[in-house]
Amino acid sequence: MASFSTPPPCSSPSPPPPSLPLAKGQDQPVRGVKISFSVMEGSGQTSKDEISIDGLPQDEGVPLLQKKVTQKYEARKKKLGMIFGVTIPCILSIFSVVLFLRLGMVVGQAGFLETIVMLLIGYSVVVLTVLSISAIATNGNVEGGGVYFMISRALGPEFGGSIGAIFVIANIFGSATYIIGFVEALVSNFGDGSLFYPENYTLTHPVLPESYGYKLLYGSIILLFCLIVCLVGAGLFAKTTFIIFILVMTSIISCLVSFGYMMGPFPVPIAPDNTLKDSDVSFNYTGFSFGTFTDNFFSHYEKDYTQMKKLSFQLVFAILFNGCTGIMAGANISGELKSPSTAIPQGTLLACGITFCIYVVLFTLTAFTCEYEMLINNYNYLQYINIRPWLITVGVFAATLSAALSNLIGASRVLYALAKDRLFSGILHPFTWTVGKKKEPIVSVLLCWFLVQCTLFIGKLNAIAPIVTMFFLLSYGVVNLACLALKFASAPNFRPTFQFYSRYTSFLGALSCFVLMFVIQPLYAAITLVIMILLFVILLLRSPATPWGDVSQALIYHQVRKYLLRLDIRKSHVKFWRPEILLMVTNPRSSFRMIKFCNDLKKGGLYVLGHVVVQPFNPEVADYYNKQLKTWLDFVEISKFKAFVELTVSDTFRAGTRSLLTAAGLGGMKPNILGLGFYSKEVPQSCLTDLKEQVEKRSKFVRVMIRDTTLNKYDDINRDLPPLRQTEDDQILSQMEYVGVVQDAMTMGKNICILRHFEQFDNKPKAHPYIDVWPLCVRFNEEFENTFTLMMQLACVLHMKDSWKSSTKIRIFVVTETSSDGVMERTVMYDFLKDARIDAEVIIISQPVGISMSDSINTFTESFTSAARLGRGVAYYRNINGLMMENSLNASVIFTALPVPPEDINKAKDYINELSVLSNNLPPTVMVHGSMPVITNSI
């Protein structure tokens with residue numbers, strides 16, 4: 001057993017984490033390895049810990065053990081536990097400005113009944129959100145960044161980054177709100193006409209002027225103090241938090257005592273800055289009175305004397321809800337917590353319970369003792385009825401200052417996390433700069449300070465409160481959506497240790513947040529959502545690939561699986577037939593244009609690019625397979641083809657293709673067309689430069705805006721794809737194997753398309769404005785019917801694509817021996833086109849081609865080994881090829897029939913020769929064989 005100990009530091013700097021002293025090159029497994037180490041705590045005491053692993057190979061065990069040591073060591077250095085790191089900051093953030101400066105206003109305006117309803121609604125939303133936060137926080141290790149970290153790692157960079165930015169804004173407005181509340185209390189106590197005692201005690205010489213400019217100056221000074229604390233670090237704030245908490249709780253206790261101690265009635269004057277009433281008007285503190293409670297039970301909405309605007313249920317709730325937000329105070333400094341996954345849920349729920357009880361008690365006592373006129377005309381009433389008025393002043397200052405600090409620190413930490421993840425490219429890179437051993441994000445703090453300073457110009461607490469509420473409701477709503485998405489995706493790795501949640505609580509929490517946003521202020525809600533959507537779109541286009549995982553993939557998987565199970569192949573009908581293509585590709589370098597053509601041909605159907613790695617399976621081939629699969633997937637991605645990639649390893653091309661024909665697709669989505677390039681020994685030419693040109697056609701501005709990296713990926717693809725054949729002898733695919741693939745596909749009932757000359761395909765139909773179909777015979781037998789209808793269907797599908805429809809027309813060439821046959825064939829063809837709803841031009845060519853109409857049918861359908869077929873095939877195809885060259889050289893693509901392959905595989909060379917004669921010197925040509933009905937007249 002190996003063990004060692006790290007001595008405690010003799011000075012304040014923390015020592016480096018212990019390293020693992022195991023000899024390199026050991027082959028035996030790590031067994032019974034234990035590491036013990038010591039860490040000097042802030043109190044000066046030394047704590048010990050140990051980690052052990054057993055039974056892992058050296059190359060796995062050593063790094064794993066070192067990682068565990070480092071993680072444990074770093075965790076031991078973190079100072080904040082549940083109470084001091086979560087519960088107390090949350091309580092202070094929740095109480096903040098509402099408790100001391102707007103509690104009376106809420107009861108006076110809304111009445112006790114509506115106040116309790118508002119409180120229940122607010123805390124219901126908050127508690128539901130806490131349940132979702134707790135579930136996410138206990139499903140893994142939570143690092144710095146708080147809610148942003150949790151959302152980005154749960155929903156992916158787009159949602160995480162956008163909601164992280166929204167949360168930064170919410171905290172900035174929140175910090176400004178609390179600073180304005182601090183200033184309001186400051187001038188109320190030390191400004192002109194300030195009142196300290198119920199006996200109308202007035203300061204003889206007011207200390208502070210009260211103009212708008214002076215209030216802005218006071219707020220800026222307080223904000224500067226907050227900035228200094230933030231620059232020193234969250235540790236200093238945490239050390240002072242408990243003192244602030246004691247001051248706030250002392251003020252609250254003094255309020256509770258005063259309601260029982262102060263016997264009424266006695267008059268309480270209106271606020272000094274209240275211009276709605278005469279300055280000599282006062283209202284009564286009645287003491288406990290059921291009559292007062294009755295008067296306060298229902299609402300009395302009047303003008304707010306700070307804004308000269310009549311309030312309503314929605315506006316009062318928006319202000320009250322600010323007294324419920326603050327549940328993220330602990331999560332915002334998750335990087336400072338010893339155990340975030342346990343401290344966040346337990347500490348936040350405890351804070352919610354404590355604050356809710358205190359609110360209910362204070363609302364009840366206020367409703368029983370204070371006239372509503374007093375409450376709506378003097379928001380600072382608690383100070384006038386307190387046995388020690390200065391305690392309320394201290395409580396207000398402490399609560400608002402701590403909340404402002406908490407929000408400023410939270411905003412800077414989330415901004416720093418956003419910048420560190422580089423979601424907004426290099427725009428936020430300067431905000432990753434840190435200073436000191438504690439790595440304080442100084443630049444992020446300075447930016448947040450500047451934005452709060454700008455927000456202070458608004459100057460009115462009640463004006464900012466609805467904005468803060470909007471951003472926090474949106475943040476909470478997305479947190480609930482994140483938990484709902486994780487639960488709905490049913491990912492096996494979503495196993496939070498916190499069990500008091502469900503998909504219903506998450507859904508109700510999200511729905512409540514979004515509904516309340518539009519109930520409170522529809523315009524603000526719409527603006528907030530637009531901001532988030534814009535951020536989401538920017539991140540969707542510009543965010544880099546991240547290793548966190550994306551819940552959207554889990555949700556898509558969940559839904560796709562569900563609907564694939566419902567897609568029953570037994571219920572398929574020809575009315576809803578569409579091309580589902582398996583295109584076998586030897587190398588995308590030479591096949592790019594053919595792949596692009598088939599991408600236009602799929603009509604929303606399944607499109608699979610198949611490739612066979614012809615090698616005996618072994619570990620080296622498996623590694624090559626994995627690398628090639630990534631390269632092919634990158635190729636499909638930057639090409640914008642809507643295709644899947646299926647690679648397989650097989651001893652032969654025929655066996656691999658047969659495997660793909662049977663295995664490609666899933667459920668009711670299976671290929672019904674096999675696409676093959678034409679067999680040739682000629683050295684292929686690369687057309688992969690078309691892909692580079694396609695990428696470069698995007699404007700430079702667009703590439704910069706969406707952070708386009710496809711040019712870099714193109715270079716990687718061009719490097720990693722295998723090279724093309726250099727000589728004819730490099731062709732390893734035999735003619736017999738190729739024809740065998742065609743035989744297999746026909747045996748399996750698949751349609752077949754053999755594509756030739758697509759190295760000429762330029763995807764510019766305007767230069768070649770025709771899609772030509774050469775069915776070669778119309779009075780077909782049953783076997784040829786499927787081939788003819790498939791040719792027509794594919795031509796029609798291609799013409800339905802916008803780029804083809806606007807610049808091409810379908811032409812159908814019918815070859816007859818005599819003009820009298822032509823009249824009949826034209827009639828038959830137009831009847832078919834009418835029934836099939838296909839717009840096409842019919843061209844009759846009356847010209848002898850060496851065989852009769854019935855023989856032409858047999859040429860395509862009868863056995864290759866028959867004597868008649870052998871005697872006439874090549875000559876017939878040469879004549880047809882001549883007609884095609886004469887009439888279709890200006891076509892973009894030609895569809896014609898594919899002859900049936902020989903039963904005797906030894907005739908493969910003759911069969912390929914016939915195909916070559918039929919399609920020589922033509923534009924891009926598709927030779928088609930149909931095995932199933934694809935057109936119907938049914939409705």
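Backbone N, Cα and C atoms are what each Cβ position is placed from, and that goes for glycine too.
Values in this document were obtained by computation on a predicted structure and should not be read as measured data.
Feature annotations, courtesy of TrEMBL:
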COMPBIAS  1-20  compositional bias 'Pro residues'
DOMAIN    85-582  domain 'Amino acid permease/ SLC12A'
DOMAIN    595-680  domain 'SLC12A transporter C-terminal'
REGION    1-28  region 'Disordered'
TRANSMEM  80-103  transmembrane segment
TRANSMEM  115-138  transmembrane segment
TRANSMEM  159-180  transmembrane segment
TRANSMEM  216-237  transmembrane segment
TRANSMEM  242-263  transmembrane segment
TRANSMEM  311-335  transmembrane segment
TRANSMEM  347-369  transmembrane segment
TRANSMEM  389-419  transmembrane segment
TRANSMEM  440-458  transmembrane segment
TRANSMEM  464-488  transmembrane segment
TRANSMEM  523-541  transmembrane segment
Fill in the blank from the handout: DSSP puts the residues of the domain 'SLC12A transporter C-terminal' (595-680) at 39 helix, 22 strand, 25 coil
Practice task
Select the range from 80-103, 311-335, 440-458 that forms the most Cβ-Cβ pairs under 8 Å with the transmembrane segment (347-369).
Solution key: 80-103
Practice task
Go through 80-103, 159-180, 242-263, 464-488, 523-541 and flag the stretch with the largest number of C-beta pairs under 8 Å relative to the transmembrane segment (311-335).
Solution key: 80-103
Fill in the blank from the handout: Per the Cβ under 8 Å criterion, with at least 6 residues separating them from its ends, the transmembrane segment (115-138) contacts 106-107, 147, 150-151, 154, 313, 316-317, 320-321, 323-325, 327-328, 331, 334, 340-342, 344-345, 348-349, 352, 356, 359-360, 363, 367, 473, 476, 479-480, 482-484, 486-487, 496-498, 500-501, 505-506, 508-509, 512-513, 516
Fill in the blank from the handout: With the cut-off at Cβ under 8 Å and a gap of six or more residues from its ends, the chain residues touching the transmembrane segment (523-541) are 157-159, 161-163, 165-166, 169, 423-424, 466-467, 470-471, 474, 478, 517, 705-707
Exercise for the section: May I ask whether the transmembrane segment (159-180) has at least three C-beta pairs under 8 Å with the transmembrane segment (389-419), counting pairs 6 or more apart in sequence? Expected result: yes
Completion exercise
Outside the transmembrane segment (440-458), at least 6 residues beyond either end, the same-chain residues with a Cβ under 8 Å of its Cβ set are 168, 171-173, 175-176, 179-180, 216, 219-220, 223, 226-227, 230-233, 408, 411-413, 415-416, 419, 430-434, 464
